[in-house]
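For 148, 217, 245, the entry in TrEMBL reads Mg(2+) binding site. Sequence annotations record features per position, and here TrEMBL assigns ATP binding site to 364, 394. Per TrEMBL, the feature domain 'Mur ligase central' maps to 119-266.
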């Protein structure tokens, strides 16, 4: 093998300095955020780990000023050169320029000493990276993961030992990179565009934090992506391919595959999953050219993890998990860490199983049970196995990922609806505890039965094709017997031209807001669900200052006739001009109608998912 750095188990142990706090939490877990408010997550595993710190320093960091985090966000925002998604990046010969930036920071040689898993793909590359990280961390290694995009805070892109880098550490590394690059700008070499800078920052963080394994997700494509400055990865992976970013990567699956296979390096092992024939032909040809040992992994068998569920939900994750297992095994072998510990085990090692079952990735097939303040300031949280308002969040935005999202949502909804019938009859007891929630007295099933309504909360970027995404969602859900009673179309809060933090001020100003795209989505929805064009033009009649800017609460609950509509909404769909208003309105609805449980699918955009999570955390 070429270019292999070996780590002994002794070295591995000596570099792991993270302190662990182990706690067994129920499947439905209350997590308190920094403001002290309760945030309810559903995790697939009952094991949750909290680490006291993610920082291991080499003692060489200088005392750079840790000025306000918002100032750093303003600096990062100034690097945004494309004002909207889909614009061609303005920088040519990207990899040559990347090398210049890395030389300025003295990182070029250090990158070659990182033991890197490099992952490209259309769907599931972030999830595959997270599975790899969880597996190798369970094996005792110090890990670093670089993924994109972030949902709430840019620090999510940089994970050390499974958690986002701390704010203090982020600011130290940020200002180090920023100041040194700024000092060396010339007419020919300006400050790097946003994603190049974040890639450089990831390398700086992982080198300084002395990670044993660096798992790097490609940003866009592969061949010309800024992460492809990596010359000597330990192993490469390509996840499932599909039609996405066609305005940049090409409008055929073969052209897209050519970009993805661009991360292959001579004689460096690579793994992929089953692909469309045209894509597989391109991948195989590229592997042959570079003498790359290429292996195609088959979908994962859940029996291999001995009855445990994968930490990331959805049937599509079995492909990502299988790829992560192959990549992790190869990484261990090429770094000299496979050894006797695993050689004699024909089944998956226990460390692999624990990693697969405890992996966590926000905004991907995530379930959040909302809690909200009562009039007296206390929090309301239903004892009935969760809350009356449940958010199902998945940032699907391609036809393939939308189908996977719809299957996951349908399965989760059907599974949830039978849980009360299985879990909430408490016999011969005055008080019992189930999953951390107290149940008082003996209850009959009838007292716990509630009606369920599935609501869609949707937006997508205007470079996507809602004529494909929305039918895929509706038809896949309908095939499982799941039908949305209402659809809500809202604009995102986050802007493509600005990077904000989790603590950034949320604007409530609706002046000048353009809802033409949301009304277009509503027209498409009505055509799909009712088979006819909208008779009325709500867009012309919509008034921001109207008292009917929000539908009445009954809109969600009444069996309205198809023809019923008001100035700002139809019988089964509505455009709402503000996401914060939408979340507040949904909470108000469940307060007034406690007998009905709302299951809200949030999808179409990772930016929308991140905005919703930000609001729920507040």
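Glycine residues also receive a Cβ, built from the backbone N, Cα and C atoms like all the rest.
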### Task
Write down the Cα-Cα distance for residue 364 (ATP binding site) and residue 148 (Mg(2+) binding site), rounded and given in Å.
12
### Message
Using the alpha carbons only, what distance in Å do you get between residue 394 (ATP binding site) and residue 217 (Mg(2+) binding site) once rounded?
### Response
19
### Task
Look at the binding-site residues 245, 364 and tell me which residue has the greatest number of other C-beta atoms within 10 angstroms of its C-beta.
364
### Query
If you draw a 10 Å sphere on the Cβ of residue 217 (Mg(2+) binding site), how many other Cβ atoms land inside?
25
### Query
By DSSP, what is the split of the domain 'Mur ligase central' (119-266) into helix, strand and coil residues?
69 helix, 22 strand, 57 coil
### Message
Same chain, not part of 148, 217, 245: whose C-beta falls within 8 angstroms of the C-beta centre of the Mg(2+) site? Give them in sequence order.
### Response
125, 126, 147, 149, 218, 219, 220, 225
